[in-house]
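Reading through the structure tokens given below for one structure.
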Amino acid sequence: MCRCPHRLVPNVATLHDYRVTILPQHPSDGTGRRRPSLVVSRATRILADAGVESARAEAELLAAHVLGVPRGRLALADDFTGEQVDRFDALVARRAEREPLQHLTGVAGFRHLELLVGPGVFVPRPETELLAGWAVEQVGGHPAPLVVDLCAGSGAIALAVAQEVPAARVVAVERSPAALPWLRRNAAARAAAGDRPVAVVEADVTDPDLLAELVGSVDVVLCNPPYVPLGVTVPPEVAGHDPAEAVFGGVDGLAVVRPVVARAAVLLRPGGVLGVEHDDTHGTTVPELLSADGRYVDVVGRSDLAGRPRFATAFRRADGPHAAAAGTWQTGSS
Ligand SMILES: C[S@@+](CC[C@H](N)C(=O)[O-])C[C@H]1O[C@@H](n2cnc3c(N)ncnc32)[C@H](O)[C@@H]1O
């Protein structure tokens, strides 16, 4: 993740003061009903005053959520009822206190998916869609690729790959007891929708014996680990609502990246690929880690749409002393 709170807010590195939100009165038309445009304009002012960067867009998204219509249909929507105005006001007040938008709506968009999110699980970020998209491109022509998503969280990367590459067998690894129910719920929903089921594995990705059955057989390892260095100030949405173990990666931000780089080299088949997201301050460090490992070739540092270093990719060497023997994978979940 980058440190920005969610898809509509650009990178913010400072904490905003929390403030008490006093909602101005709604302009009344005498019927108790309210035009969406008036309700949204008022909410936009409140959110902007609270430091929410994309206040208009977020006010529209909350209005669409309350009215049960797509955001693009707001202009054609019926007026808010009095009850809907109350519900909307309550959500706007919570957003003004910097609760993430996705916790208020209960869902986060990720590529072509809508994932359930809430307290205990990391809200997937738009920049991570690039890593998932890169993975989809890697396995596109493969008849039955085996893909492993380490640090799966809500399942964003794993489930996107499973949806977009129907032939893929996908394994999602997560450790957090708070995040796992979200992952299982999203995985079950996608399987019910017809996607090939993703195997959910409860494990610590720093375990040197991680996924021992898969050694040498994985085509693609993906990882969006916790990578913000401890002590870095993050926005209130992140500090107050993303789990700390999803965000912070030790003193230098690399506490999970390092063991993942080492274990991925064991899991990958010769010629398999690793993609690992990283902090934007690690655009040189992570590619260097991959090169220094000795088991990877063609290391590439990649940037996000804002031009910030975002993830690194590398191929598992097909030759030399580090090449590993292939293993087998028993499907199922733990
Ligand atoms: C930045 S979030 C990424 C979640 C998801 N992949 C995404 O892109 O939205 C990192 C995830 O790694 C999990 N995690 C942190 N340390 C872990 C470890 N040692 N083993 C397994 N999972 C871990 C956290 O619980 C969190 O869900």
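Each residue, glycine too, has its Cβ placed from N, Cα and C.
Marked as S-adenosyl-L-methionine binding site by TrEMBL: Glu174, Asn224. According to TrEMBL, the feature substrate binding site maps to Asn224, Pro225, Pro226, Tyr227. The domain 'Release factor glutamine methyltransferase N-terminal' feature in TrEMBL is assigned to 41-106. Annotation comment: TrEMBL describes 146-227 as domain 'Methyltransferase small'.
Cα to Cα, Pro226 (substrate binding site) and Glu174 (S-adenosyl-L-methionine binding site) are separated by 12 Å. For the binding-site residues listed here (Pro226, Tyr227), the lowest count of other CB atoms within 10 A around the CB belongs to Pro226. Across the domain 'Release factor glutamine methyltransferase N-terminal' (41-106), DSSP helix (H, G, I), strand (E, B) and coil residues number 48 helix, 1 strand, 17 coil. Secondary structure by DSSP for the domain 'Methyltransferase small' (146-227): 25 helix, 21 strand, 36 coil.
Taking the Cα atom of each, Pro225 (substrate binding site) and Glu174 (S-adenosyl-L-methionine binding site) are about 10 angstrom apart. If you take the Cα of Tyr227 (substrate binding site) and the Cα of Glu174 (S-adenosyl-L-methionine binding site), they are about 15 angstrom apart, rounded to a whole number. Residue environment of Glu174 (S-adenosyl-L-methionine binding site) contains 28 other Cβ atoms, counted within 10 Å of its Cβ in all protein chains. The average pLDDT computed over the domain 'Methyltransferase small' (146-227) stands at 98.
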